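As given in TrEMBL:
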{"type": "REGION", "residues": "34-85", "note": "region 'Disordered'"}
{"type": "COMPBIAS", "residues": "34-44", "note": "compositional bias 'Basic and acidic residues'"}
{"type": "COMPBIAS", "residues": "59-72", "note": "compositional bias 'Polar residues'"}
{"type": "REGION", "residues": "171-194", "note": "region 'Disordered'"}
{"type": "COMPBIAS", "residues": "183-194", "note": "compositional bias 'Basic and acidic residues'"}
{"type": "DOMAIN", "residues": "214-369", "note": "domain 'YDG'"}
{"type": "DOMAIN", "residues": "447-509", "note": "domain 'Pre-SET'"}
{"type": "DOMAIN", "residues": "512-655", "note": "domain 'SET'"}
{"type": "DOMAIN", "residues": "669-685", "note": "domain 'Post-SET'"}
Amino acid sequence: MSSVEAMVVEGEALAGRRRSARCLGKERPCYALSKKFENEESPQKRPKPKSVKREQKGPSKTNGFVMQNDAASVSGKEEVMENENLSEVRENGISSEVKENGISGNGWFNANESKVSAASEQLNNGVHGQAPTKSAKQRVKETLRMFNTYYLQFVQEEEKRVKEVGQKLSECSKNKNGSNSEGDLKRASKRPDLKASSKMIKNNQVLYPEKMIGDLPGISVGDQFLSRCEMVVLGLHSHWLNGIDYIGKSCSKMEQYRGYTLPLAVCIVLSGMYEDDQDNSEDVVYTGQGGHDLLGNKRQVKDQKLERGNLALQNNHDTGVPVRVVRGHESRSSYCGKVYTYDGLYKVVKTWAEKGAAGFTVYKYRLKRITGQPSLTTNQVRFTREQAPQKISELRGLVCEDISGGQENMQIPASNVVDDPPFAPTDFEYSKAIRLAKNLKLPTNAAGCKCKGECGDPRICSCAKLNGGDFPYVRKDGGRLIEAKSVVFECGPSCGCNASCVNRTSQKGLKYRLEVFRTANKGWAVRSWDTIPSGAPVCEYTGILRRTDEVDADLENNYIFDIDCLQTMKGLDGRERRPGDTAALVNFDDKKAEADFCLDAGRVGNVARFINHSCEPNLFVQCVLSSHNDIRMAKVMLFAADTILPLQELCYDYGYALDSVVRPDGSIVQLACHCGAAGCRKRLY
């Protein structure tokens, strides 16, 4: 089983709490952080949490896909056709039995109401008598995380290919009589996102592989995607290029399609592909498919025909079956130049054919948004959601222009619109780097690589060899971690490479504009003004590096972070092991259960001390070594688990075990969780 596949297998977490092994790659892996919400009363003499051994009673391992119709997933589908530039996705069957939050009063919804209720009950209570599965939102998130891991792996392959081609072309130019010409070396490169989606289709890792009518569980109005391929792997829209996704006539013999007229459209993408498109928000005039030149200039070159997707939309009109609508927008933060927003269900209310702007016949469809859905997040293909400020002076409730006092690459403002009078975060000293407690010294035993300039060849770089024979980062977007590892070995002060080396990604300081803001029920929190791509470094967790036995008596300090990387690396305390080689580590005791060192951010720390817990986080913790190889004193970095859109709160899993915090008299301390996630455990500990 590959490392990516292993991440979707459910693993056992600290103290019997169940979680997906994918969380080990993209969520905080149960590091024991002694921090609680600031607005809660501190329990009397609260000791640091400790793991509690107990019987495992979580759900059995599953493949992560719920409510599939296996027979339908095999029959009625065409093979995926793939070449260097196109990855056509076959016509699938659908399952109308997995449907959440259907809109009542709309024909076909009522006909399937009993099936929807049964499916929802199974989704919430478990399938075939098993324990409840993960929330639909969490399954969507995990599918996108898998896609991003594959995507970054293929990005790394492409970066290597481009470098090799560049070197060979340079050799050809020097040797004019060489046997290789530029034409021999150059080839069309397939986009990494297309490779990633094709691989997931081949591996049967698409979340909803059967085409479904209506909303998909876990995908809400306003959800955004940075690529058409992300929608493909979810099953929201199964074509990365075509605008109309539909159920083909080949599915007509399937039981679930009795009573439907096929072909039938399930989703359309409004991305400005045709010169005759009109988008007036809730009232859309959509131009059918076919007849344009595929060169991106939106010009029609021949008549359209009433077939395939065009005929499907006609049947939607005739039968009243709604269609999902996704809008594409220009975006600099997306690697494909666009971001796609799901805007809900529409009905086709009118169809007609006319001569288009170029004089060719085009089919037109007027779609009207079904009432009763959440309000639109787009209007005339422009965002109307809250926008991040462009300047700190524009920030509402500004109480501090820069909590770092100029230490970071960019200012970190603080805002407070909750308290009256408002106040700023105080009672701590900002420190960009960790500090050492008295009588403590970091080892300097890392030999370092002999590379010059930037490390480029993993075959000769000794640091790359420590990471399993390759670099853990890709250069894209200034450096992104491909996947979480047991430990990341970065280049350090003993290495010959320069500061721009990709294997120094976590050492380059803040790359994204962060803001500390006051919440109503969680104290201070942190959000970004920029889009943060998955795998990107967000910040280090700094503080005073201490021995854990020195802080055991400090019961009122809620900012102690135990550096217990070893527990996750070796799979102790019921944790799933991360991939990675541990041979180079020193002071490595695979049987030791307690952390020797911790980071104390009580009085000295950075922006990370304000990041809150979530049961479904968008950050994960990664141990990093560069100047030494002592895992007990590893640097603690926070990386993006998902693509994080502007103004989303940043959060990671604190990793508490339930009932693990006790008073000196043995009574259990309980603290409610206010993270608000769909799969919230309701208690922090």
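Along the chain as shown, the residues are counted starting at 1.
Backbone N, Cα and C atoms are what each Cβ position is placed from, and that goes for glycine too.
Over the domain 'YDG' (214-369), the average per-residue pLDDT in this prediction is 88. Here the domain 'Post-SET' (669-685) has, by DSSP, the following mix of helix, strand and coil residues: 0 helix, 2 strand, 15 coil. Counting residues of the domain 'SET' (512-655) by DSSP class, helix then strand then coil, yields 19 helix, 49 strand, 76 coil. Taking H, G and I as helix, E and B as strand and the rest as coil, DSSP gives the domain 'Pre-SET' (447-509) the counts 14 helix, 8 strand, 41 coil.
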